[in-house]
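Student: Please read through the structure below; I'll follow up with questions.
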Amino acid sequence: MAKPWRYFLFLLWFAYLIVASILLFTRGFLLSRVTQVVNSTCIPYITTPCSITGSSVNSHSNGPNQCSEDDQLSLMNHLHSASHICLPQKARVILIVVDALRYDFTVYDPSMQKPLSFQNKLPIINSLLKTYPDSTRLYKFIADPPTTTMQRLKALTTGSLPTFIDAGSNFATPEINEDNIIDQLVKQMHSIVFMGDDTWVSLYPNRFSRSYPFPSFNVFDLDTVDTGVTQNLYPELERKDWNLLIGHFLGVDHCGHRYGPTHPEMTRKLTEMNQAIEYITQRLDDDTILIVIGDHGMTGTGDHGGESADEVTSAMFIHSKSQLTATEDNISNTTIKQVDLVPTLATILGIPIPYSNLGSLIINSLPINNKTQTTIPHWHTVLFAIWSNVQQMTNYIKKYAVTTETFSQDRLQTLYERFALLNARVRTIGSENEFNVFVKDAKDYMIMLREMCEEVWIQFDSFSMSRGLLLIFISIFLVYMIVSGIPSSQLPQIFMSSFLPCSYIALLIATSISGICFYLGLVENLLSTIFFSTGIASVVMLAVLVVQNWDVIAIHWYDLSRNKTNMDLIFRFVFLLSWCGLLSNSYIVEEGYVSLFLLVTILLVVIYQNHKQKKITVSTTKILNLTTKLSWIKIRLLFMGALACILIRLSVNYWKCREEQQSWCAAYLSMGMKSGSRTERADYLLTLVTVAVFVTATRNWLRSCGNLVGFSPSVFLFRYAPTVMVVATGGFWVLHALPKDTKNRLMIGWQTDYLARVVYIFVISGIISIILKPLFVYIIPDKKDINVPSSKDNVIPQLFNQIKGLFNEKHNENNDPNVPIVCGLATVYSAAFVAASVYITLLLVLLLGDIIATSAVLLYFAATIILVITAICRLEKATKLVHLFDVSNSSVLAWMLLSLYFFYASGHQAAFSNIAWEAAFVGTGGTFTNNFIPASLVIINTFGSYILMGVTLPLLFIAPFTMYVMFPSLYTRKNDGQNLQKDLSRGEILLYENDAVMMNGMFAMSCKYILYHGVRVFVSMLAATIHCRHLMVWKIFAPKLIFEAIGMLVTLGSVLLGYLLVIHINFKVNCLVAELNKKNR
């Protein structure tokens, strides 16, 4: 096996260990709640047998054990089995879900002189509250995080508490098999009609008598779903064959995502909701109740997903023609939990409460059916219903505690004792006053039960978490010892030995043993067992390698310690600061600013290291007084450093603030950042001009390098595709910024996506062409036969002398005139990476939107300047060719910090409410046949800086060879480096001639880059473990861990792809040289 592939296999192995560690840890940390596959059942009250105590059997009955009329009318005889008895349906229900209906949207304040776009836009609610106070209610409807639609719908129908990890399934909405309101209605032969958000159909397929679903994920579309709901809702109101009518409006939520709550479009959408509610209330009959709810709220920027007050506080509005149950102030509460809707709906519809429900009955929302001719007091009915709720929750907790052993015995004992006291009291209640006191105690009991579940619902699997932490720590530590401890000259010998084959055989054996254990039933989870067993085998193999080379490692580290400088200490301090703050929630919130400071600091360290290596030359002459002249190379370095800092600082304008920062953070265009929103003409033109300058600069660079000569697919595409992509991107932005009416007149909605698809096609085509034809070179045809020596060492110098002669329009008389001229060979490695990076950047430009796109260009130019700075520094330090094959730790750290910082500088934050979901709709039309495409677009948008920096990491290694061949004046060692100068004049072909050293150096650099990111992931895992009971764990630490983990996965894939491209280019160059030599024989 060739050495390059052995290096790649080790990188792949290291990447696998990190991925396995992350998956092991998250399996223990992000556990899902154990679903109980038990369904509640009940029998209609009218068919219940007489209770044993206090019942009398009618001897004239037609059937056995038939109750007398008095027994049938007495609910108290059946309290012992209340949860298994269904009372008659009280009313039909119209359930209107207004997505993202924040509570303050429903509040009406007549004293406001200039209300905002979302204020006082639902006057019908205030009017009904004043006109019909006995049959109208308005509540604060508190959601449990995460505040994403799918999780909210699950809670609103099952009454359960969704776990944090469920947020990841918001792209994919699997069918709900847990006991729920919808299935209970179907079992009781009740009819359900649905219209609106198609998420319902995914959660509950084939459950509805009639359904009118509409695509829900296109946040650009404010009206399609709402119009569809309205058109189907009004006719359904006239029909009487349904028990539950569900309408889910999405316009308010989409308006928030696209424009924010203060945009005039929010006024329009809320006005439409007001009209819909008014229309429904005017057509309600006495047997129907209207319930209007919001599934979650929204932040000041229109986002949701987290647990801020604005995100969790939605509204619930109830109106009925019948009087609603009146309660005392000590029982009534205007703030309720969303799960409380489930037992309330079940009671109104006359079905059993779902088995896993943890909500409490909302007593003052129950309608009083005055048409029922019965002598049973209404408070008896309410008491029966609330005791049924208490029994259901208690039975569920008892079952869950036995099957999972989740709750502490002390807490359970306290709970059971309180239930026993309530059970004894409920049978003795004889008056309405006693009923009121009992209801208060029963609700306190149910709240205590729910809070106990909220505290310990997610039982962390400490074993899986500790395995993940241990595996990633040991893997990072051992790989660090190998890469930094074993001299680079000895690594090839190790990788060419039997070490790697034996290691992979050990992994296969560990995997086989895990499979056998799973087959025999010795382990429960196959994947976790494989990850852990292969991790143990890997650690053993790496440890053996370290032990075998311990003497070499110790001597090498001792030599390095003797040559330490103050700059090395500063580098370590900066690296320490880059990850230690992850243990603090305040640091995580402000990490954007901290990463900006660290990035600028490490740039100064890189420049200062070069200054310490070779002092600035100073010449003093007498002009007026005393003048000091700095060497041009130092001036260039300082200028480049200042320019990089300016570009980095400019990118601050494209930050997006976290919810915790809203009180002081001046987010640039906090509303206009959303893709597709209207922007000022100057901003739009600035973006297009910036992108056009970027494309022109990169094309001119490759042209000056001689890499755009010829007509190979990769060259031809790059010559024209970027320009077409810029025009298509600009056209896409213009069309999406047009008013909806204008857009509809010009074209069909989906046709506007064609331009974005043009960009996708060119990106895919360009990358494929680079893979197939990575060499941006052109052999100038020569009519004469070529006759040169076949030795690689003899051909290459003559090739480059001919190229130099071509550009200078003169030939050295020592050159062979028959040597073929190969254009672009001096930059043969870097050209492919430059072209690939341009395609990736233009894809980011499209996905980021018409304003934030500028940040992608700033990232590219900042990375370019850092490449120039590091190249100059390495050229200044090098006295031998081998010195150029070593990339300093500070340069790799700067590259890593650049990827981290531009995560924030491209408008992202480590919070789910800040995810740019709109990227999923760029060019897709909002309709998906699978989740891969939208998820990929969102990941590229979010982690674009990680992708770009990972793929182009080899440029950090190649840069000195490229810079010198294009700018020879960068090398100033005229006297002591003549041989090196002669070698450098051959450009990147030196990498081919020394490919073994090149692959070794790139391997070490790639390992360091992965290590720096890996340490951050480890510390994020450690922070999540330490703070697992912290108040901010699900708000800050868990999201940060998830973002770091996904960023690590993206980084690993990008680095591996970049390394593969280097191997591929090297192979193609070898084929090219072999072909030239073959022709010369």
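A Cβ is built for glycine as well, from the same backbone N, Cα and C atoms used for every other residue.
Nobody curates TrEMBL annotations by hand; they come from automatic prediction.
So TrEMBL has the following annotated:
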- 468-486: transmembrane segment (TRANSMEM)
- 498-521: transmembrane segment (TRANSMEM)
- 527-548: transmembrane segment (TRANSMEM)
- 569-588: transmembrane segment (TRANSMEM)
- 594-611: transmembrane segment (TRANSMEM)
- 632-652: transmembrane segment (TRANSMEM)
- 758-780: transmembrane segment (TRANSMEM)
- 819-845: transmembrane segment (TRANSMEM)
- 851-872: transmembrane segment (TRANSMEM)
- 916-939: transmembrane segment (TRANSMEM)
- 946-967: transmembrane segment (TRANSMEM)
- 1041-1062: transmembrane segment (TRANSMEM)
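On this model, are these features tucked inside or out on the surface, and what's nearby?
Tutor: If you look at the transmembrane segment (527-548), the same-chain residues 6 or more away from its ends with a CB under 8 A from one of its CBs are 13, 16-17, 20-21, 23-24, 27, 464, 467, 471, 474-475, 478-479, 481-482, 485, 494, 499, 502-503, 506-507, 509-511, 513-515, 517-518.
Residues 594-595, 598, 601-602, 605, 889-890, 893, 896-897, 900, 910, 1012, 1015-1016, 1019-1020, 1022-1023, 1026-1027, 1030, 1032, 1036-1037, 1040, 1044 of the same chain lie 6 or more positions beyond the ends of the transmembrane segment (569-588) yet place their CB under 8 Å from a CB of it.
Residues of the same chain lying 6 or more positions beyond the ends of the transmembrane segment (594-611) and with a Cβ under 8 Å from any Cβ of it are 565, 567, 570-571, 574, 577-578, 581, 587, 634, 637-638, 641, 644-645, 648-649, 652, 866, 869-870, 872-873, 876-877, 888, 890-891, 893-894, 897-898, 900-901, 904.
Remote same-chain residues near the transmembrane segment (758-780) are listed as 702, 706-710, 712-715, 717-718, 721, 724-725, 728-729, 732, 806, 820-825, 827-828, 831-832, 835-836, 839-840, 842-843, 846, 923, 1061, 1064-1065, 1068-1069, 1072, 1076 (criterion: CB distance under 8 Å, separation of at least six residues from the stretch ends).
If you look at the transmembrane segment (946-967), the same-chain residues 6 or more away from its ends with a CB under 8 A from one of its CBs are 704-705, 826-827, 829-830, 833-834, 836-837, 840-841, 844, 859-860, 863, 867-868, 870-872, 874-875, 878, 884-885, 887, 891-892, 895-896, 898-899, 903, 940, 984-988, 990-991, 998, 1001-1002, 1005-1006, 1009, 1047, 1050-1055, 1057-1059, 1061-1062.
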Student: Who are the long-range neighbours of the transmembrane segment (468-486) in its own chain, taking Cβ under 8 Å and residues 6 or more past its ends?
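Tutor: Answer is 14, 17-18, 20-28, 494, 531-532, 535, 538-539, 542-543, 545-546, 549, 552-554, 556-557, 1004, 1007-1008, 1011, 1014-1015, 1017-1018, 1021-1022, 1025.
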Student: Using a Cβ cut-off under 8 Å, which residues of the same chain at least 6 positions beyond either end of the transmembrane segment (851-872) come close to it?
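Tutor: Non-local partners: 603, 606-607, 610, 633, 636-637, 640-641, 643-644, 647-648, 650-651, 654, 669, 672-673, 675, 679, 683-684, 686-687, 690-691, 693-694, 729, 837, 841, 844-845, 887-888, 891, 894-895, 898, 902, 905-907, 944-945, 948-949, 952, 955-956, 959-960, 962-964, 970.
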Student: Within the same chain, where does the transmembrane segment (819-845) have neighbours whose Cβ lies under 8 angstroms from its own Cβ atoms, ignoring anything closer than 6 residues to its ends? I mean 6 or more beyond.
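Tutor: Same-chain contacts beyond the ends: 691, 694-695, 698, 701-702, 705-710, 714, 718, 721-722, 725-726, 729, 759-760, 762-763, 766-767, 770, 774-780, 782, 786, 788, 795, 798-803, 806, 853, 856-857, 859-860, 906, 940-941, 944, 947-948, 951-952, 954-955, 958-959, 961-962, 965-966, 986-989, 991-992, 1058, 1061-1062, 1065-1066, 1069, 1072, 1076, 1079.
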